[in-house]
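Enquirer: The domain 'FAD/NAD(P)-binding' annotation in TrEMBL covers 5-317. Marked as disulfide bond by TrEMBL: Cys41-Cys46. Taken from TrEMBL, the feature FAD binding site covers Lys50, Asp302. Annotation source TrEMBL lists NAD(+) binding site at Gly168, Gly169, Gly170, Tyr171, Ile172, Gly173, Val174, Glu175, Gly261. Under the heading domain 'Pyridine nucleotide-disulphide oxidoreductase dimerisation', TrEMBL lists 337-445. Feature annotation from TrEMBL assigns active site, proton acceptor to His438.
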Amino acid sequence: MRKADLVVIGGGSGGVACARRAAAHGARVILVERDAIGGTCVNRGCVPKKMLSYGAGWSAILSGCLSHTGGHEDWRDAIVRVNAEVARLNAGYTQRLHESGVEILRGDALVTGKGEVRVGDETIHARRILIATGARPRALEVPGGGLAASSDDVFTWQSLPGSIAVIGGGYIGVEQASILSRYGVKVDLIVAGDRLLPHFDYDISRSLAEALTARGVRLHLNARVHLLSQANGAVEVCYRPTDRPGQTEAVRAQAALAAIGRISNVQGFGLEAAGVDFGDKGGIRVDRQFRSNVRGIYALGDAIDGLHLTPVATAQGRWLADRLYGRRGERADFDFVPTAVFCEPAIGAVGLTEAQAIAAAGKPERIRTVVKRFVSLENRFAGTSHQSMFKLVLNARSGRVLGAHLMDDAAPEIVQTLAVALRLGVRESHLQTTVQLHPTVAEELYG
């Protein structure tokens, strides 16, 4: 039987961060991973998605100003570049783990007893076990749901369908619909709710819907999918309009994609037999120190209920390693976590939406908003009239910025810096009295 201070199950962002930091503190760490190192973000999420989004955006600009056709040929080239970058990152993650003194075991991990993990024929005894197994695509549980590809599958496609029905109006569905449409696919986006991005500010959601519609993406709102079928080489997605009871409508396309969210990947690791409790959303239930109800078993990142974001998992992993093996680390501030949707135009947000701010304040008059719409120089150069939108949510009395919501291709970069400003209590007057850089998109926040 092998021994370790810490066994980390899962080689994604949270697991790698915790393993490396724990090893730096002198702990003997074994990390178990059955797939590629880097997790969802590197292999099937953030990195390939953003690279494809870059390629789609450049194709759009070129098609507007230089008679560039774009389309499926660009996709094939983009996939080659994406795979090369993913391979580079896989190798880099693995090398840094080795350099940190972390031992990597390949295979399926199973918790078999108190402080015991079995990997193949080998048993490891560890004082602590960390479950950092990430998340997986939520299955479309309707008759014929298996006909729909998952959001993970898209990154393995070597060619594109001529048309596709994307099911899901959250950030994954919106991103995939936007990217695929830019590569020349005819897209129908089927959304169960009455708007896109239900957790984002309403005005941003509405503006994005207008932008996607103007690009040719067909939106089907209030559409509850109940059946998928296949005939004559096409997939038919049947849905019931929730605002028109008794009716049924259908979308026919060459392919269907289910992008209805992700759920914690915590099944099949022996956790139920070990007595681990799970939360309302299916993730492992933990306390503020990421301890499960079973002594010696910890969990973080997408394996628990909460914010499923790569930087959140990384911060959690480092904090936990510091607390267990080194100094008492300062807990990251999760009150102002910036988020982005890498569609076109991109969305960036931090802080409260207008609706959240009003609910917290108790009265609408206690909240004020500033909204700006404009056409960026980039879009003018490309010969388009696509509008950008910036919205600040303010405390009406003090002018403190409670939330910032941006729609522009530069929005994710801008909102990263705004997160620091909001955390430090920035007010509208601070923005107005700061000399801005011209010409930039960000200067629209200051005037």
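Using N, Cα and C of the backbone, Cβ positions are placed for all residues, glycine too.
Just so it is clear, the model here is predicted, and its values are computed rather than measured.
Tell me about the setting of these features in this model.
Expert: Secondary structure at Cys41 (disulfide bond), as computed by DSSP, is helix. Same-chain residues at least 6 positions away in sequence with a Cβ under 8 Å from that of Cys41 (disulfide bond) are, in sequence order, Gly12, Ser13, Val47, Thr310.
A sphere of 10 angstroms centred on the C-beta of Asp302 (FAD binding site) encloses 31 other C-beta atoms.
All chains included, 27 other C-beta atoms sit within 10 angstroms of the C-beta of Val174 (NAD(+) binding site).
Taking DSSP states H, G and I as helix and E and B as strand, the domain 'Pyridine nucleotide-disulphide oxidoreductase dimerisation' (337-445) has 38 helix, 33 strand, 38 coil.
The Cβ of His438 (active site, proton acceptor) lies under 8 Å from the Cβ of no residue that sits 6+ residues away along the same chain.
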Enquirer: Restricting to the chain of Cys46 (disulfide bond) and a gap of 6 or more, list residues whose Cβ falls under 8 Å of its Cβ, or answer none.
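Expert: When sequence neighbours closer than 6 are ignored, Cys46 (disulfide bond) has Thr40, Thr310 within Cβ distance under 8 Å.
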Enquirer: Other residues with Cβ within 8 Å of the Cβ centroid of Gly168, Gly169, Gly170, Tyr171, Ile172, Gly173, Val174, Glu175, Gly261 at the NAD(+) site?
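Expert: Once Gly168, Gly169, Gly170, Tyr171, Ile172, Gly173, Val174, Glu175, Gly261 are set aside, the remaining close residues are Gln176, Leu197, Ala259, Ile260.
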Enquirer: Name the residues of the same chain, 6+ apart in sequence, whose Cβ is under 8 Å from the Cβ of Lys50 (FAD binding site)?
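Expert: Listed in sequence order: Phe342.
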Enquirer: Of Gly168, Gly170, Gly261, which of the binding-site residues has the most Cβ neighbours inside 10 Å?
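Expert: Comparing the binding-site residues Gly168, Gly170, Gly261, the most crowded Cβ belongs to Gly168.
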